[in-house]
Amino acid sequence: ALTGVLPNEEGLEEPEHGKTNIAISGLYGIGVLFALLSILVVGVMSRRKPKEPAESEGEEEKGPRHLVIGLNACSMTFAWCVLWSTRWLCFNIRELNVESIMGRVVMALLLSGVSCLAVFGLDTVDDQLKKTGDADAAPQAIKMLVNALGILIGFSWEHAFDGGVAAVASTTAHPATVKFFLGLAICVLMTPMWRRHILEKEMAYSRLNDLREAKRKSRRSISDAEDEALKKMTAA
């Protein structure tokens, strides 16, 4: 809709042409729109009243699950929009040569650097909100934005990796088969290391964060109860 050209199954235009500033700005704008929509979904989730626990441990409420799915979809759409609008922007800068492998790596480095700076900024804002004890929705929205930026970093490096695999496979007689087995080999080599060094730490951090959040809410409820009791004693 923005360019009037339908890309192939990999999202690439063959041959690729430069995009107008209006198209690039429009795709960036769509990404920002989905980020704002994600913040809105977080606000809706934070305002939902807790219901009675499910009868069985495997049972979950359909409402929250739909909201979580929508939140993840918005975050991924934001990441895809920013990734491809940045590619369009870099394509117009001929010095970057984004069609080459090195150009894709440079683009991934640029996105990673900007995303890391944004994460540090959001983390600072989150620390300030925790000190002031503001509403729970704001920290949750910040966490969602950080997750979306993490997805963007992952997509940018996957984009560079895909270009490298395609370049190697194109030099063989059966590029599709070689590309498949190269991807399979990387998966077999990387999955155990990801599980050992990343997944376990992420699960431990998630449990620790849940415990900290529960303690913070418990302190707040105790403080509110004490204030209410003090008001009643003063009124009496």
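Just so you know, glycine gets a Cβ as well, placed from its N, Cα and C.
Lifted from TrEMBL, the feature list:
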TRANSMEM  22-45  transmembrane segment
TRANSMEM  66-85  transmembrane segment
TRANSMEM  105-125  transmembrane segment
TRANSMEM  137-157  transmembrane segment
TRANSMEM  177-194  transmembrane segment
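Take the transmembrane segment (66-85) and the stretches 22-45, 105-125, 137-157, 177-194: counting Cβ pairs under 8 Å, 22-45 has the most.
In summary, the transmembrane segment (105-125) does not lie against the transmembrane segment (22-45): fewer than three C-beta pairs, each 6 or more positions apart in sequence, are under 8 Å. Cβ atoms under 8 Å from those of the transmembrane segment (137-157) belong to residues 35, 38-39, 42-43, 45-47, 71, 75-76, 78-80, 82-83, 86, 107-108, 111-112, 115-116, 118-119, 122-123, 125-126, 129-130 of the same chain, restricted to positions at least 6 beyond its ends.
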